[in-house]
């Protein structure tokens, strides 16, 4: 029986980003119609973590919009992590942009176990989707994460117009980093964003299978865009190699009801992992 790891995310600071990533509705440059706020109340975050745990999640990710982990953001994320840990037995993941070693060490002291920082795509293609920071900055952050002893979660977004060569280059870069977890996101179109999706179900299944074969020791997670690219047939991706899903809502888009996902997983004979 295949074990599936469930992860939930909390967008604790939304839409406050000055970067120009063409795939992201949280950039103020594109003016997407999303809910924007500076800080989510700590009590709300704890309650979301409790619900995630109740729904079977072993990981809970604290996400902030913005380029990187400045001092103010660091203090807030540490407070949120400590608040959750005090009341909920769940692994804390942080996703707060580019970060230096000292800041990452502080997160670790606060109880964060995993840091998520995606390369998004290949080094060659990245300048075509973002001009306000470099791919190399992202790669350096991933190296910093590993150097301080945090687990690294690092993946990308597919269907943004990248080529097969870009995907191969991206895989080579990930092999250098050896991440513990690899989230596979499939681009979600928005009328305000300048990109159009170039994926379909067959492409997505092929992508999942390729990453599962290349990274046999990593957790391969179906993340953003799962419902759009696979529809009701998303368990097919688990059968070709994925072993984790994000449950509940994403950063700025709605997800499937967690109880419905759980029902489908159990009905199809999957086991829910009880530790991250």
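Placement of Cβ uses the backbone N, Cα and C atoms for every residue, glycine included.
According to Swiss-Prot, the protein has these features:
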BINDING   17, 21, 24  [4Fe-4S] cluster binding site
BINDING   61, 95, 153  [2Fe-2S] cluster binding site
DOMAIN    1-226  domain 'Radical SAM core'
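Among the binding-site residues 17, 21, 24, none has a Cα sitting within 10 Å of the Cα of residue 153 ([2Fe-2S] cluster binding site). Reduced to three states, the DSSP call for residue 61 ([2Fe-2S] cluster binding site) is strand.
Compute the center of the Cβ atoms of 17, 21, 24, which mark the site for [4Fe-4S] cluster; besides them, the chain residues with Cβ within 8 Å of that center are 19, 20, 23, 25, 26, 27, 65, 130. Other residues of the same chain near the [2Fe-2S] cluster site, with their Cβ within 8 Å of the Cβ centroid of 61, 95, 153, are 7, 9, 59, 62, 63, 93, 94, 114, 115, 116, 117, 183. Between the alpha carbons (Cα) of residue 24 ([4Fe-4S] cluster binding site) and residue 95 ([2Fe-2S] cluster binding site) lies a span of roughly 15 Å. Residue 24 ([4Fe-4S] cluster binding site) falls outside any helix or strand according to DSSP and counts as coil. Per-residue pLDDT, averaged along the domain 'Radical SAM core' (1-226), amounts to 95 for this model. Rounded to the nearest whole angstrom, the C-alpha distance between residue 21 ([4Fe-4S] cluster binding site) and residue 95 ([2Fe-2S] cluster binding site) is 16. Using a 10 Å radius centred on the Cβ of residue 61 ([2Fe-2S] cluster binding site) and all shown protein chains, the other Cβ atoms total 25. Across the structure, residue 17 ([4Fe-4S] cluster binding site) and residue 95 ([2Fe-2S] cluster binding site) place their CA atoms 14 angstrom apart. Residues within less than 8 Å, Cβ to Cβ, of residue 95 ([2Fe-2S] cluster binding site) and separated from it by at least 6 positions along the same chain comprise 9, 61, 62, 63, 64, 115, 116, 117, 153.
Sorting the binding-site residues 17, 21, 24, 153 by the number of other Cβ atoms within 10 Å puts 153 first.
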